[in-house]
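Just below is one structure, and these are the notes that go with it.
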Ligand SMILES: [Cu+2]
C-alpha cells in the first residue's frame with residue numbers, strides 16, 4: 001500500500017499546534033506540508049504568532065511562580081522578610097503578575113479575531129463542500145462560468161480568497177493548518193473562511209471533525225501558485241477533457257460510458273454528467289487520488305477502480321473489480337491521461 | 001423362553017416394588033438410587049431396542065394414536081407460540097400476491113397437499129404423517145401461523161422449510177394464496193396457477209409463439225409459461241417479471257445466480273437449479289428474442305409520478321447521493337453494458353419490489369448486484385414507486 005504514513009502526514013499538523021512543540025522536541029518535522037508552525041498564509045501566521053506569544057507568556061508565568069516557590073523553600077536569606085514583604089511576594093508574584101500577563105495575552109488574542117474573520121476585499125471566491133469522504137470544489141472561471149473540480153484547491157499567492165464551506169450530509173471541518181485555522185462545514189449552513197496564502201508551495205488539508213468510517217481518509221492538497229500560473233491552471237481546468245486518443249485510452253473512455261461510471265461522475269466533453277461523485281474531467285492532473293489517499297498514476301487508478309471498497313472503507317463508490325482486467329487497465333490509462 | 005420372560009419381568013418389576021417399599025420405609029436415599037438406576041436401565045434398554053433394529057420406522061402403519069396426538073399437540077402449540085411476533089403485510093387479499101403464490105403452489109406444494117380439481121397422489125397418501133389436503137386445513141390457522149409454518153417447515157414430518165427465508169414477501173404471497181384455496185374451483189385454480197388454459201395453449205402454439213413439445217425447449221418452456229406468460233409478457237399487473245425482450249446476458253446470468261443461490265427467491269431458485277447450462281443459455285436466448293409488450297401507461301402521459309421518476313432516472317438526486325439510473329439502464333444514446341437489465345415496460349410492482357429488496361440487501365443477483373445496492377441505498381419509498389412508474393411506462397425503442 002502506498003497510503004501516506006502518519007510520519008509523511010506530519011503528526012504535528014494532525015494533532016494541532018498545541019502539542020506540536022512536545023513532538024517537535026522529539027525530533028518531528030516542523031516544516032511539513034501540514035504544520036501550523038510553519039505558516040504560509042496570513043491566518044496561519046497570526047495563529048502561529050499567537051501560539052508563540054502564548055507559549056512565551058506561559059513559560060514566563062511558570063518561571064516566576066516556580067522561582068518564587070523555590071526561593072521560599074530553599075533560599076536562606078540572612079535577613080528574614082517581614083510579613084508585609086512576604087505577602088507582597090505572594091500576592092504580586094502569584095496573583096498580580098500572572099493576571100497581568102494573561103490579560104495582555106487575552107487582549108492580543110481577541111484583537112486578532114476581527115482581522116481573521118473579516119471578509120472584505122476578497123479577490124477570489126471558491127465554494128467547497130465536504131461530502132462523505134471527499135471535497136467538491138467550485139471555482140468561477142476567468143470567463144465567468146462555474147467550474148466544478150474536486151479534492152484539490154489551487155490558490156494565487158498574495159490574494160485574499162473567500163471559501164464558502166458547506167456540507168450536504170454530516171458535519172465536516174475544513175482545515176489547512178499551514179494556511180489558516182479550521183472552520184466547520186455544517187449541513188444547512190454556509191460558513192466563510194478567508195485564506196491569504198503568502199508562500200507558494202503544496203500544503204495538505206484534512207477533515208478535522210469525525211464524519212464516519214473514512215474520516216481519516218478525507219484529505220486534499222492545496223497548491224499555492226504565482227497568480228499568472230494560477231490563471232493558466234484555472235483556464236485549463238475550465239476546458240472540457242482532452243484524452244490522449246491512444247487506442248487504450250479510447251477503449252477506456254468507452255468502458256467509462258458503457259459501465260455507467262457517468263451515473264456518478266462528470267467528464268466534461270463526454271456523455272458522463274453524474275453529480276454524485278467527484279468531477280473527473282482533469283483527474284489525471286491532480287496530485288492525489290481518492291481524496292488525498294493514493295498517489296496519482298495509472299497503477300493506482302486501476303487499484304482504486306478495482307478495489308474501491310477495500311482501499312477506502314464504506315466509500316460511496318462501488319468497486320468495479322468484476323470488470324475484465326483489460327477494461328480496468330483501459331479505464332486507468334484513460335483517466336490518468338486526463339491531464 | 002417363558003422363564004426368560006419371567007426373569008426379565010422380575011428384573012424390572014421388583015426394583016419398582018422395592019423402591020416403593022424403601023421409600024415408604026423411610027430410607028428415601030436408597031429408594032432414589034434405585035429409581036435412578038431404573039431410569040438409566042430404561043434409557044439403555046431403549047437404545048438397545050433401536051440399535052438392534054427392533055423399532056418400527058415403517059410408514060405403512062402410521063403413528064400410534066398417542067404418538068400422533070403428542071406430535072400434533074406439540075406442533076400446534078409450537079406454531080402458536082412462535083408465530084406471536086409475526087406481522088402480516090397490510091393486505092393479504094391483493095390479487096397480485098395471490099397470483100404469485102398460486103404459481104408456486106403448483107411448483108412446490110400441490111404434489112403433497114393436492115389442489116382443486118386434482119386429488120392427492122396415491123403415493124403421497126402412503127406418507128407418515130400424511131400431508132393433509134391443505135384446503136381442508138386452512139381455517140384451522142391464522143395467517144401468522146400459516147406464515148410461520150411455510151417459512152420454517154415442520155420437523156418430524158415431510159413439510160419443507162422455505163428455501164429463501166429472507167424473502168418474506170414471497171412467503172406472504174403463498175399465505176395469501178392458500179387462504180383462498182378452500183373457495184377455489186378447479187377452473188379458477190387452473191387460471192391462477194397454470195395461466196394459459198388448455199385452449200389458449202393450443203392457440204399460442206399454432207401461432208408459433210410456443211415451442212412444441214418436440215422442441216428440446218418445449219417441456220421446459222411449458223413450465224415457464226405458467227408464470228411468465230406464453231410470450232414472456234408477464235401476467236397482468238404483478239410482481240412476476242416480464243422476460244420478453246430482456247437482455248440475453250442479464251437473463252442468463254440471473255438464471256445462473258438463482259441456480260447457485262446468489263440471487264434469492266424461493267420461487268425461482270428451485271426452477272433455475274433444475275436446468276442444465278445448455279438449457280439456461282437457450283432459454284435466455286429465447287426470451288431475449290421475443291418482443292416486449294407495449295406498456296400499459298406511457299411516459300407521454302406525464303402523470304406527476306412519471307415526471308418525478310423521469311427526473312430522478314435522468315439526473316439522480318446528487319444531494320441525496322442517488323446516481324442517475326439512465327446511465328446504466330437507459331434511455332440513452334450511448335451503448336450500455338449488456339448485463340445491465342432493461343427496465344422499460346416492466347411491471348411497476350415488480351420494479352418497486354426489486355428496489356425494496358436491493359435496499360434491504362435481500363435480493364442478491366449477479367456479480368454486478370452491489371452496483372444496485374449503492375444506487376438505491378438513499379432512495380425513499382416514494383422515489384422508488386415514482387421510478388417504477390416511469391420505467392414501467394417507458395417503451396423499449398425509446399430506451400435504446
Ligand atoms: Cu471527517
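Even glycines carry a Cβ here, placed using N, Cα and C.
As stated in TrEMBL, the feature transmembrane segment covers range B:31-54 out of the listed B:7-30, B:31-54. Averaged over the domain 'Cytochrome c' (B:195-291), the predicted model reaches a pLDDT of 85. For the domain 'Cytochrome c' (B:96-182), the DSSP counts in helix, strand and coil order read 51 helix, 2 strand, 34 coil. Across the domain 'Cytochrome c' (B:195-291), DSSP assigns 51 helix, 1 strand, 45 coil.
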